[in-house]
Amino acid sequence: FPRYVATPLAGLLNVKEKIRLKATPNAVLEKFYAATTKHPKQADVEMLSKKSGCTVRQVERWFRRRRNQDRPSLLKKFREASWRFTFYLIAFIAGMAVIVDKPWFYDLREVWKGYPIQSMVPSQYWYYMIELSFYWSLLFSIASDVKRKDFKEQIIHHVATIILISFSWFANYIRVGTLIMALHDSSDYLLESAKMFNYAGWRNTCNNIFIVFAAVFIITRLVILPFWIMHCTVVYPLELYPAFFGYYFFNFMMAVLQSLHIFWAYLIIRMAQKFITGKARGGGGLGRTRGGWRVVEDERSDREETDNSEEEEEAAKNGPLSNGHPVLNNNHRKND
């Protein structure tokens, strides 16, 4: 998919890579970078300056460039977002097709009717197997995917989701399981599509999709899931049979998942707050400029560092720069 679909699509949307300056080979600095830390303290910088024969500013610049080399490229981010968008959209449509004609989609008490002896149709089987396979793939590939600040939370989420899907399959919680999976897929494809348009530079489209995503996420994850679905899994079963180990275990894992939803909702609300107040910088959220709305920093992203020291040196010699060329008229600045 990345090679035959995502890459050509990136070309059509004019996704452009940033030109990154590479760190010059330096055995002393490279060894410290790999073995000790990517973010040396001031004392370390001074020590490395003496060992390597570089000035303090050159050492700081080397580490900035070296860190940027390890960060994922814009094309890699776009590829990841585009294939996840495709999967989540297809999964959501398929999930709705599986459950929309079922009585428990409209009356949650039907989820437990006849439990534990409940029939299963082939569409439910394939929906479960594909979703389970997808989350296993995310867990295996998380080390090579774009790494974000919520890396640990992502691992917890994938493990909790795999356990929930697997356990609900073994305990025949299939009806409620299909509802939970479809509910999660309802907002994920919106986030991935917003990322795609962000990387392509379609700011207004990204901003509008993000607004829709934030609303859908909060409604589905903070309202429908806890007050409808979790109420269905906590309260309704006790009306039919005594609580057993599976009942406690399943609802405990649901509580773990809900805690992660609250954490991510907090990040989304922070981004929305920046969108409203305009107190934000460039990246993956939303913000306000004199010329209109623009995308601002994604709370989960590892922001690329600019080579400020080099820019300052060039500016001192040649005047202010824009994309590597002198700015001829400082009264007309290009909006980000």
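Every residue gets a Cβ built from N, Cα and C, even glycine.
The domain 'Homeobox' feature in TrEMBL is assigned to 12-73. Feature annotation from TrEMBL assigns DNA-binding region to 14-74. Among the features that TrEMBL reports, domain 'TLC' is placed at 76-277. Residues or ranges marked as transmembrane segment by TrEMBL: 85-105, 125-143, 209-229, 249-269. Per TrEMBL, the feature region 'Disordered' maps to 283-336. Summarising the annotation, TrEMBL assigns compositional bias 'Acidic residues' to 304-314.
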Rounded mean pLDDT for the residues that make up the domain 'Homeobox' (12-73): 85
Chain residues outside the transmembrane segment (85-105) and at least six past its termini with a C-beta under 8 angstroms from it: 1, 5, 111, 113, 123-124, 127, 130-131, 134, 175-176, 178-179, 181-182, 185-186, 188-189, 192-193, 195-196
Same-chain residues at least 6 beyond the ends of the transmembrane segment (249-269) whose Cβ lies under 8 Å from its Cβ atoms: 150, 153, 156-157, 160-161, 163-164, 167-168, 171, 173, 214, 217-218, 221-222, 225-226, 230, 233-234, 299-300
Same-chain residues at least 6 beyond the ends of the transmembrane segment (209-229) whose Cβ lies under 8 Å from its Cβ atoms: 108, 176, 179-180, 183-184, 186-187, 190-191, 193-194, 197, 258, 261-262, 264-265, 268, 271-272, 275, 285-286
Helix, strand and coil totals (DSSP H, G, I; E, B; other) for the DNA-binding region (14-74): 36 helix, 0 strand, 25 coil
